[in-house]
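One structure below.
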Amino acid sequence: MNAPLPPEVLKQHLIDPEICIRCNTCEETCPIDAITHDGTNYVVDPAICNGCMACVPPCPTGSIDNWRLVLKTEAYSVEEQFGWDELPGEKALPDTVSANSASDAEEIVSVVSNGGEDADSASAPTPVFSPSGATIPPWSAAHPYVNLYGHKTPAVATVVGNYRVTDEDTDSDIHHIVLDFGNVPFPVLEGQSIGILPPGTDAQGRPHHARQYSLASPRDGERAGYNNLSLTVKRVTEDHQGQPARGVCSNYLCDLARNDTVQVIGPFGNTFLMPNHAHANLMMICTGTGSAPMRAMTERYRRRIARGTNGRLMLFFGARTQRELPYFGPLMKLPRDFIDINLALSRDAAQPRRYVQDLIRERAADVLTLLQDPNTCIYVCGLKGMETGVLDALRDVVVQSGEDWTILHDVLRREGRLHFETY
Ligand SMILES: Cc1cc2nc3c(=O)[nH]c(=O)nc-3n(C[C@H](O)[C@H](O)[C@H](O)COP(=O)(O)OP(=O)(O)OC[C@H]3O[C@@H](n4cnc5c(N)ncnc54)[C@H](O)[C@@H]3O)c2cc1C
Ligand code: SF4
Ligand code: SF4
């Protein structure tokens, strides 16, 4: 059993700014809002964090799992952490902290910093579920490799394809980009993402941090049997408030030419993974580039149609117009008995505005059948704002049938069957 920390000592929770990919997962997960960020770093407020560990498992990079023993009066402030380029080293505790207490405290840090693996059962972290989705993968998911390549040792990939997948005359410039890893091992699974290190420095002269992109290709490659993968990247030309802004990494990626090389870190993600068992159903709900993981999973299923082991595929896909829907052409060529496609167009002159949640409600009977099947996994990816609308629609479908949504929602999370990736 670990002794309590000396009263004057704090086990301070810190985020490694060199590894963090600024994905916001930890800030969304923390139940007491101890994590915050500025334009540069994600940081933990020592005055709020209670060390509950809820944020540690979902962090895709492990950058969240850093702890330092400090005197409470010398805890690193939020403002100090915003200015960091790298984590500070360990500081020796002053002699005034009793020798025994200090060594107990150091033991506690080592237990916490390995994710609690060495802790006894009484102190092991309990699984924590985010308010909306699961933080564990489906039971039959393949085991993913994560964090094989970091900032200091990125993998180098070569661009072997880069073309636009939305109509030229639309504002939405989305590219399909194929990266080849040659002989460099880069094993991935559908639902995972990679980090791209854009060249150059930010306004403070620091190297740009990595941006995360979901895989759009299945585990055996964009071209089956090749060591390559694809991404679906939207060129950011305005910020979230609609003001003109040139996104650093998305513009870099969309402008790449064949044979250019890019620095890649990752892979990331160990929960938004597809089931592997026979007859598993996929319900996929996405908007825009959120279609990337859905393309990867659908292609995995398409390549094994002949086996006859596929379950049902149901897709809800939202965009402003058909011409802004990435991969519209190839998607519509898929056989109707292979995938049930539901397109929600919000700016189509010929139709009233419809969003994915409207179509989920319209297809209530089929959605309910899938939700009640324990072989169904549900994936939601795309705009941050869609999460609430989709959850409300799923809840309505269940409640209208006389079932209890709270119970089903809890089952879906506990069984790793409901996953969100919104950004
Ligand atoms: C898990 C995860 C998966 C992701 N997968 C994909 C993917 O498959 N395809 C994809 O294109 N992107 C994806 N993203 C988003 C991607 O990581 C970048 O955030 C995005 O490309 C913008 O980066 P940037 O460097 O171009 O813009 P920045 O230089 O970082 O930002 C420029 C300005 O634009 C704003 N901004 C940032 N992102 C957007 C946006 N999407 N729309 C509008 N304004 C924005 C910023 O607030 C800032 O004001 C994913 C993000 C996460 C966390
Ligand atoms: S350990 Fe708990 S309280 Fe601290 S930042 Fe993580 S989730 Fe929040
Ligand atoms: S990489 Fe980890 S620490 Fe950084 S923002 Fe994402 S979850 Fe938080």
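Each Cβ is built from the backbone N, Cα and C atoms, and glycine gets one as well.
Site annotation (TrEMBL): NADP(+) is bound by Ser214, Lys234, Thr289, Ser346, Arg347, Gly382, Leu383, and the candidate from Glu90, Glu168, Glu421 recorded at this site is Glu421. Within the same chain, residues 5, 46, 48-52, 54-55, 58-64, 66-70, 75-76, 78, 81-87, 105, 108-109, 112, 128, 130, 135, 150-152, 195, 202, 204, 206, 209-212, 265, 268, 423 sit at least 6 positions outside the domain '4Fe-4S ferredoxin-type' (11-40) and bring their C-beta atoms closer than 8 Å to a C-beta of that stretch.
Through the fold, the domain '4Fe-4S ferredoxin-type' (42-69) approaches residues 5, 9-27, 29-36, 75-78, 81-82, 87-88, 90-91, 93, 102, 105-106, 109, 112-113, 115-116, 125, 127-128, 130, 135, 146-147, 150, 193, 195, 212, 266, 268-271 of its own chain, all at least 6 residues removed from its boundaries and within a Cβ separation under 8 Å. Proximity of the binding-site residues Ser214, Thr289, Arg347, Gly382, Leu383, Glu421 to ligand 3, judged by a Cβ distance under 6 angstroms to any of its atoms, singles out none of them. Taking the binding-site residues Lys234, Arg347 in turn, the residue surrounded by the fewest other Cβ atoms inside 10 Å of its Cβ turns out to be Arg347. Leu383 (NADP(+) binding site) falls outside any helix or strand according to DSSP and counts as coil. Cβ neighbour density within 10 Å is lowest for Ser346 among the binding-site residues Ser214, Thr289, Ser346, Glu421.
Counting residues of the domain '4Fe-4S ferredoxin-type' (11-40) by DSSP class, helix then strand then coil, yields 5 helix, 7 strand, 18 coil.
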